Structures are given as C-alpha cells and as structure tokens.
Amino acid sequence: MPPIKENVIIYANPDHCLSCHSCELACAVAHSGGHDMIEAIAANLPLHARNKVVSVDGTAMPMQCRQCEDAPCTFACPTGACRQADGQVQIVEQHCIGCKLCVMVCPFGAITVRSETVVEQGACTNRGVAKKCDLCVDWRASTGKTAPACVEACPTKAIRMVDLDAYRIALREARAREIAKSHRHMRVQF
C-alpha cells in the first residue's frame with residue numbers, strides 16, 4: 001500500500017474544471033469492488049461517487065471530503081466509526097450505524113449514507129453506511145497508483161493531491177508576487 005502522507009488533501013481548481021464529471025465516474029468505479037468501468041457497467045453494479053461536481057454561478061467546483069484537522073464528523077459519531085488516522089478522516093464501516101450525524105455536521109456536505117445489503121447467518125438485511133472520500137487508499141494499493149482515481153481521471157488536472165505544507169508555501173509565494181507587483185509603481189519613502 002502506498003504510504004499515506006499526513007496533511008495530504010485533494011486540491012480542486014475551479015478555473016480548470018470543465019464540469020465533465022470524469023472525476024465522479026472514476027471515483028464510483030474505483031469503489032465498485034475491483035472492477036473496471038466496463039465490467040462495473042456490464043454487471044449493472046450500483047456506481048456511487050464519493051465526490052460531486054457542484055456548479056454555482058457558472059463555476060464548476062469538484063467537492064469532496066476536506067480531511068479536516070478537527071473534523072466535526074469525528075466528534076459527532078456516537079460509535080467512533082468516523083475517526084482521524086494517518087492524516088485523514090476515515091470511516092470504519094463495520095462500526096457505522098447509519099445515524100447520519102456525520103452527514104448533518106459536515107460543513108462541506110461531503111458525507112452520504114448509502115443502503116447496503118448485509119447477509120449474516122442466512123438473513124438478508126439492509127443497513128445504512130456512511131461513505132466519503134477515502135483518498136482511494138485501497139484502490140491505490142491494488143493498482144499501484146500514487147494519486148486517487150479522481151486525480152488520475154481529470155483531463156485538465158483541475159484536481160490534484162497536494163501536501164498541505166507545500167500548498168501553504170505556494171500560496172504564500174503567489175500572494176507575495178501579487179503584493180510585489182502591485183507595489184512596483186508605488187514609490188513611498190519612509
């Protein structure tokens with residue numbers, strides 16, 4: 001399994017998003033149980049993305065779990081199914097009771113509860129299980145990829161997996177360039 005680096009996030013640039021939904025399809029297929037897209041469709045498997053392209057005021061923005069440092073879902077979960085580990089928010093599905101508290105407190109609307117059929121001791125029941133972006137940890141381990149499926153599928157590279165510290169440095173440098181550029185024409189002496 002590729003090592004999970006602490007403070008890794010999915011960065012989405014709305015200026016490059018075409019709203020093609022390739023990231024959603026790739027996510028759904030990556031979580032279809034080891035199938036590729038053709039197999040998943042041919043087997044009529046339910047495909048559920050853990051991300052969503054949201055269009056607001058003519059701008060498309062890929063949205064998914066932000067892997068919050070102080071994630072409200074981890075505090076709201078009564079069973080501890082939502083937890084912080086390895087620099088990300090994880091859901092231990094076996095402990096999830098489908099109460100939807102995590103859905104209600106997520107500030108990004110990044111968690112959904114899906115009904116799953118469970119067969120135990122010959123009995124078939126449905127139960128709700130919380131689902132969210134898991135940075136494709138299992139998919140990356142099985143495919144040898146270093147980036148999540150949504151990142152791999154984006155034709156414009158609007159979605160990238162970035163180290164938060166590197167992002168902060170790049171943001172700081174970009175803002176410094178903007179400030180320096182705006183001050184070039186100002187000649188103020190102190």
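Cβ from N, Cα, C; glycine included.
[4Fe-4S] cluster 3 binding, as stated in Swiss-Prot, involves C65, C68, C73; the candidate among C27, C99, C106 given for that site is C106. For the [4Fe-4S] cluster 2 site that Swiss-Prot gives as C27, C133, C136, the extra residue drawn from C17, C20, C124, C150 is C150. Annotated pair C96 ([4Fe-4S] cluster 4 binding site) and C17 ([4Fe-4S] cluster 1 binding site), C-alpha to C-alpha distance, rounded: 33 Å. Measuring Cα to Cα from C102 ([4Fe-4S] cluster 4 binding site), none of the binding-site residues C20, C23, C68, C133, C150, C154 fall within 10 Å. Counted over every protein chain shown, other Cβ atoms within 10 Å are most numerous around C27 among the binding-site residues C20, C27, C77.
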